[in-house]
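> Pulled these from TrEMBL:
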BINDING   227, 265, 266, 267, 268, 379  pyridoxal 5'-phosphate binding site
BINDING   268, 304, 308, 351, 379  substrate binding site
DOMAIN    18-377  domain 'Orn/DAP/Arg decarboxylase 2 C-terminal'
DOMAIN    29-272  domain 'Orn/DAP/Arg decarboxylase 2 N-terminal'
MOD_RES   48  N6-(pyridoxal phosphate)lysine
Ligand code: LLP
């Protein structure tokens, strides 16, 4: 992602900032789209992963729809110009105001997460004399084998409707006149690298669609959610996820009828690799047991390590030379630098969890060096906070 020219262009920029490689973003979107097109799959981008204006513009330009989880996200998707018939609204706690906003904008569908929510959407739609299209989010009780904070498809999770409530869903759909049953929706979790998890999901989806169709309710849309993971360890080698193999699983194992559409809600896989958080070294502190590199970005700018013990590759880009490793202080030639030291890389926030990596091997690092926290394009800047009265996060973009 970085060469000397790019790193030199950071010199006059105020840190920390998110650097977006728009070329990589567009390549990723194009690969995903062409892999999906072969199967006629529809993709909605999960705005929760990243709602940066330029990112959304690229996502929209590449023909993706929008998967939203709040009124704010629906509003954003409408403002950016996503086709309203390609906007879905999910989330376990939609407020009346949010539902009304979505109804006013005639979005494609609500992914509904409880029986009570179905009744509320029906009431609000009736008051507007409108019909709301709904997909039922079913909790498939499939283990995503990912971090427990980002597992969503188990019985113990708050998401979706459990299978034992389906008879009640059926009765409610039959009695609510302003609801139109569109299909079924699933999402088992995030950062899933074991494609077998998606096979298990397909088996559940097949069972569930049969349940509805046997009761005379045609399932027009099979929405299988998102969750495809990325390679945080090797961001350069695996910059673009293997979309082909991912979609092939669904083509092979989903029982897709001629009248059905298959929808996906990808977030991370589309945007994670295209951004790095760039930060400057403020201080080097030599402890008794270890050396600390204190950088000017903290958990306020990238919360994932503090919240999920998530790994983000850390690079000292000031000492990095394209394809050749690192150069030592003062060297003009591009000579690989061999002396690596071990550092704990920490931020300035008053919390011990404000740590990006322990025992990180880097060439000898100095005050003023630029540090890149890689693969930060998904759930990075969108989860930033103002804790410690930190200023709003800044951005730098590559050429497209
Ligand atoms: N659909 C639903 C219903 C979801 O809940 C999510 C993510 C997605 C789609 C998109 O999933 P993706 O393709 O990005 O895996 N903040 C956490 C991740 C939370 C994911 C929440 N739901 C993290 O930083 O790892």
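Glycine is no exception: its Cβ is also placed from the backbone N, Cα and C atoms.
Where the annotation comes from TrEMBL, it is an automatic prediction and has not been curated.
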> Round to a whole number and give the Cα-to-Cα distance in Å for the pair residue 265 (pyridoxal 5'-phosphate binding site) and residue 308 (substrate binding site).
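A Cα-Cα distance of 22 Å.
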> For residue 265 (pyridoxal 5'-phosphate binding site), just give me the three-state DSSP call.
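Its secondary structure by DSSP: strand.
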> Taking only the residues in the domain 'Orn/DAP/Arg decarboxylase 2 C-terminal' (18-377), give me the average pLDDT of this model.
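The answer is 92, the mean pLDDT of the model over that range.
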> Please give me the recorded positions out of 48, 227, 266, 267, 268 that lie within 10 Å of residue 304 (substrate binding site), comparing Cα atoms only.
none
> State the Cα to Cα distance, in Å, between residue 227 (pyridoxal 5'-phosphate binding site) and residue 308 (substrate binding site), rounded to an integer.
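Pair distance, Cα basis, whole Å: 16 Å.
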> Fewest other CB within 10 angstroms, which one of the recorded positions 48, 268?
48
> List the same-chain residues at least 6 positions away in sequence whose Cβ sits under 8 Å from the Cβ of residue 267 (pyridoxal 5'-phosphate binding site), in sequence order, or say none.
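Listed in sequence order: 45, 46, 47, 48, 49, 50, 67, 190, 226, 378, 379.
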> Work out how many Å separate residue 266 (pyridoxal 5'-phosphate binding site) and residue 351 (substrate binding site) at their Cα atoms, rounded off.
32
> Quick one: what's DSSP say for residue 227 (pyridoxal 5'-phosphate binding site), helix, strand or coil?
coil
